[in-house]
Amino acid sequence: MPHMEDNGSEKEQLFLQHIQNLPQERLDAIRGHPELVLKEIDEFTYPDGSGVRMCIGDVKGGFIVGKIRERKPKIMVELGGYLGYSAILFGNEISKIPGGRYYSLEVNEDYAKIAYELVKLAGLDEIVTIMIGKACDSLVELQQKLLHKDLGFQALDMVFIDHWKDLYVPDLRVIESLNMIAPGTLLVADNIITPGAPEYHKYVNMSPEERRGYQAKVRNVNGFDFIGRWDLIYKTETKEFEGVIRNKHRKDAVDVTECVGYAKKD
């Protein structure tokens, strides 16, 4: 995902113009059909020959869709929405779950506006909520929103992490500190190999005692209020993917982490 200071680019605006300038007949054909909107994104090519960047794609995306179908999460959150590809892909699956809601957190207002237009075009705007701002701030807002909206809210069912890599751990510690992770919560993190998220991979594979030491030593850039929860027991599996994407050979992996319980406190 783009860096926090990235205020958008001409490329993303070109893509939005492409969608807005589609013939009315084509717009009518894809409206309300998430799979056709995704196809439009997949097939779009910029003048320089490149495609829309930072999309989860059908291979890794299909793997995560399988997890959604298996777990049937009612509340799913993504960190890093970009132009809405994953929100449409995963939000479409969430729409099949009674009471399901998908929250997409995106720091860049320009990207979020484009994502909203695409989500609306896909007919998922009543399922997908796009929140603009730093993930740490939006997570606090979301927690209060869910507590107010649903008195029975306990924790998030599923979290998809795909934003700025050096914020994977700090923002996960925010989620932990807000008590939004409980046994059964599933964390799915993209780009573990390319471009790489080694600190996150290490963190979710730590024992509770190792995580307690880490949290005591490493200050969270999001603030002292978000030290994290060392007593959460995580079980992590890494799924590797390899193949050719737009004529480039790529290798990547997704970390799938489940909270399976609590460690006993001293």
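Numbering starts at 1 and runs along the chain as it is shown here.
Every residue, even glycine, has its Cβ placed from backbone N, Cα and C.
Swiss-Prot annotations:
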type	residues	note
BINDING	I56, E78, S86, E106, V107, A135, D162	S-adenosyl-L-methionine binding site
BINDING	D162, D190, N191	Mg(2+) binding site
BINDING	K165, N191	substrate binding site
- Query: Looking only at E106, V107, D190, N191, the binding-site residues on record, which one has the least crowded Cβ, with the fewest other Cβ atoms within 10 Å?
  - Reply: N191
- Could you give the maximum C-alpha to C-alpha distance in Å for the residues I56, E78, S86, E106, V107, A135, D162 that bind S-adenosyl-L-methionine per the record? 19
- Query: Which one of these binding-site residues, E78, D162, has the sparsest Cβ neighbourhood, judged by other Cβ atoms within 10 angstroms?
  - Reply: D162
- Task: Would you mind checking how many other C-beta atoms are within 10 angstroms of the C-beta on S86 (S-adenosyl-L-methionine binding site)?
- Result: 26
- Task: Measuring Cα to Cα, tell me the gap between D190 (Mg(2+) binding site) and D162 (S-adenosyl-L-methionine binding site) in whole angstrom.
- Result: 5
- Cα distance, K165 (substrate binding site) to S86 (S-adenosyl-L-methionine binding site), nearest Å? 17
- Item | Integer Å distance between the CA atoms belonging to N191 (Mg(2+) binding site) and I56 (S-adenosyl-L-methionine binding site) | 9
- Indicate whether K165 (substrate binding site) is helix, strand or coil by DSSP. helix
- Message: Taking every protein chain in this structure into account, which of the binding-site residues I56, A135 has the most other Cβ atoms within 10 Å of its Cβ?
- Response: A135
- Message: Validating a neighbour-count step here. Other CB atoms within 10 A of the CB of K165 (substrate binding site): how many?
- Response: 20
- Integer Å value for the Cα distance linking E106 (S-adenosyl-L-methionine binding site) with K165 (substrate binding site) is 14
